[in-house]
Ligand code: APR
């Protein structure tokens, strides 16, 4: 049986971490593509040289030519620019939208059968544009956000409850930004919902509200600490979890930015919702019942994503 091929578009902080994780897990052979000459080749060589120590058999290659991603089974996209001080969201959107166009064309030509996971920000608008530029079926193109946001929420809850992170399950839906919606009611410790834990005196509503806000600001907290870049370990791990569910047909139920075609009353847009990821890509959108503030928070988040999509349409008239 042929080995899987994992193509990573963007060989920066997240791209390098993705390559390391994919090799350590022997998910397949890895191609790192970047526009900067030498960068992906250097990272691939460095990672290949850790193979004999770790004992992994993945072959790693760096590339500046899209032809090298030919036949990839999974493509993970981190190409683009992270936000820097003084840049507006629109500045970032305009630059990364152009990047998505060239990436989409490369995928269309060389990896039209791949499962594509986008990480580039602003996530929901970029994955929506990438799907159109690539022309791939919408169920084969998704965005990584909910797994990361949920993982941040779980980390903080495990700390608050003083329990193992293994027993915490959380859900964060909506757009990947300030308006994301951490769902307290659907978050549990070994099946016990967080509202019940509050009643049991394990925490207070105020403390959980602070954790919800810290989750929303999770990316900014790390940017504030690092100063020169944004988070990369947890974003990479989260995308690898999604890729594994596809390659191994695990049918994990994972929140991710998925294309909506009537689900949640929305059409022709990407936003974070619970999905089933298996060999068919995004095999199912799970429609959970949102109530009260959950629903209004989700609607608010959807409006924010639509605003970014409109900004994209104003920049590139081919988007619809
Ligand atoms: N094609 C391919 N690669 C590109 C292109 C392009 N058109 N434009 C930029 N790149 C590459 C850069 O050369 C760089 O190596 O994308 C890489 C991005 O890496 P970093 O700057 O280290 O950014 P990273 O932290 O990996 O984040 C990437 O993910 O979380 C988001 O907001 C983040 O949009 C950003 C993306």
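Think of each number as a place in line: the chain as shown, counted from 1.
Note that Cβ sites are derived from N, Cα and C of the backbone, with glycine treated the same way.
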Quick check: of 57, 96, 139, which does TrEMBL put in the same NAD(+) site as 10, 11, 12, 13, 14, 15, 34, 119, 120, 121?
96
Taking all residues of the domain 'Lactate/malate dehydrogenase N-terminal' (5-143) together, what is their mean pLDDT?
95
Neighbour tally for residue 12 (NAD(+) binding site), based on other Cβ positions within 10 Å of its Cβ:
21
For residue 121 (NAD(+) binding site) and residue 176 (active site, proton acceptor), determine the Cα separation and express it in whole Å.
8
